[in-house]
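Per Swiss-Prot, the feature Mn(2+) binding site maps to N172, E238. If you look up Swiss-Prot, you'll see I175, Y176, R177, R189, W190, L191, R194, G195 marked as prenylated FMN binding site. If you look up Swiss-Prot, you'll see D287 marked as active site, proton donor, on the strength of sequence analysis.
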Amino acid sequence: MKYNDLRDFLAQLELRGELKRVDIEVSPHLEMTEICDRLLKQAGPAVLFERPAGHTIPVLGNLFGTPERVALGMGQTSVSALREVGKLLAYLKEPEPPKGLRDAWDKLPILKQVLNMPPRELASAPCQEIVWEGADVDLSKLPIQTCWPGDVASLITWGLTVTRGPHKSRQNLGIYRQQVIAPNKVIMRWLAHRGGALDYRDFCQINPGEPYPVAVALGADPATILGAVTPVPDSLSEYQFAGLLRGAKTEIVKCLTHDLQVPASAEIVLEGYIYPNETALEGPYGDHTGYYNEQETFPVFTIERITMRRDPIYHSTYTGKPPDEPAILGVALNEVFVPLLQKQFTEITDFYLPPEGCSYRLAVVSMKKQYPGHAKRVMFGIWSFLRQFMYTKFIIVTDDDINIRDWKEVIWAITTRVDPVRDTLIVENTPIDYLDFASPVSGLGSKMGLDATNKWPGETSREWGRVIEMDAAVKARVDHLWQQLLF
């Protein structure tokens, strides 16, 4: 199923019983977080708060609160079908010419999808039906959530931040939280390795003292939203990838303030600039780790215009101790990662990011081991392959006889196949998430790899244990008798 815009997606969710409308007054200050948190933990529906206290603009929450809704948003019928999205990304990351007529025919569906990649620019768009400028630019008129009691201020959480670097023709879409500090100002919290921060750094180096154009789109169509959180190859824009997911070109429109282009169907758009040397101390906020983070200085985004659709919807979320919406996104996107990794490392049989690991901090990998030391090669490969895994602190590697999505099997492999000295790899002074207060220095810490594979000659001098297995004929005999037994 493909969706033209967010409203089309919500209409389809409502038909499936996956959207709940709340027509009683609910406050964006803490109450919406508590409701969405309970809904998510029950695998409940998305929720549209139609009467947010003190506001007339409804608030959409828990939109991607189940992996199934993430899959639907990406145009797939099931979570398992997201493997096909991963295969498409793997092909686009390292395309191969057809090996013959049959191979060319097999690749024809992909080539047809590629035709939907270039976005289509419109002269006018729904997202610009209403325009606030000058004194009318006032973020307090939007029902922006305050998520946790210790949060310093209200926080924009689901904005798609649009940037462009001086060396790139394509634009970058990223999701960075934004603390409201004035009617027309927010703090743009982007980490140094993220696309928006890299674009901004490059711009400042070439254009010192110049204001940097930025736009933030709220309530885009699901393909565009999810494109911003998917490991899209650097050569591909999120708008192009959204077109592939949707099966139709992404419609964009030029901002009224500068030349950046935003999703034409977005519900609300913030347009403006980051002015030179304007920074502010951000936080503390409750985060996906389950803790309040430290304060840190980031650039200030000054909003010159706010444009929106008629009767707009404000899309929001919260982050907290898993499970939260980012953790659910991680569960779904895990299926996208598997084919990407398998194309680069054919020995990998499965890859799992447990949601309890705060989306990406712990990864478990199963593999077909081929030589001594192979597990360590896989560890280093994962840490360096995708930007998303640069901050993964722990990697556990097992043989392919272990179901890595079953913690009982993983723990069994660790406790029976690991010697702590021989099989623990420690790498010091590596990039670490700034939110990770466990690291001794902000942004710099260590990583651990655990080799829970069976050991080969050269890795041990002892005879290795053999796994106990019942005789196959006996199992077949008991299968036949089972219905006759009184169990």
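Including glycine, each Cβ sits where the backbone N, Cα and C put it.
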Applying the rule Cβ within 8 Å of the centroid of the Cβ atoms of I175, Y176, R177, R189, W190, L191, R194, G195, what extra residues of the same chain belong around the prenylated FMN site?
T161, G174, M188, G196, A197
Between the Cα atoms of R189 (prenylated FMN binding site) and D287 (active site, proton donor), find the distance and write it as a whole number of Å.
13
Would you mind listing, in sequence order, the residues at least six apart from Y176 (prenylated FMN binding site) in the same chain with a Cβ closer than 8 Å to its Cβ?
G159, T161, M188, R189, W190, R194, G196
For the binding-site residues listed here (I175, L191), tell me which residue's CB has the most neighbouring CB atoms inside 10 Å.
I175
For N172 (Mn(2+) binding site), which of these recorded positions sit within 10 Å, Cα to Cα: L191, G195, D287?
G195
Where the record says I175, Y176, R177, R189, W190, L191, R194, G195 bind prenylated FMN, what is the longest distance in Å from one Cα to another among those residues?
14
Between E238 (Mn(2+) binding site) and R177 (prenylated FMN binding site), what is the CA-CA distance rounded to a whole number of Å?
18
What same-chain residues, at least 6 away in sequence, bring their CB to under 8 Å of the CB of R177 (prenylated FMN binding site)?
L155, I156, T157, R189, Y285, T319
DSSP three-state call for I175 (prenylated FMN binding site): helix, strand or coil?
strand
DSSP state at W190 (prenylated FMN binding site), helix/strand/coil:
coil
Give me the non-local Cβ neighbours of G195 (prenylated FMN binding site): same chain, 6+ apart in sequence, Cβ-Cβ under 8 Å, ordered along the sequence.
T163, N172, L173, G174
List, in sequence order, the same-chain residues at least six positions removed whose CB sits under 8 Å from that of D287 (active site, proton donor)?
N293, T319, G320, L435
One residue among the binding-site residues R189, R194 has the fewest other C-beta atoms within 10 A of its C-beta, namely R194
Just how many other Cβ atoms lie inside 10 Å of the Cβ on N172 (Mn(2+) binding site)?
22
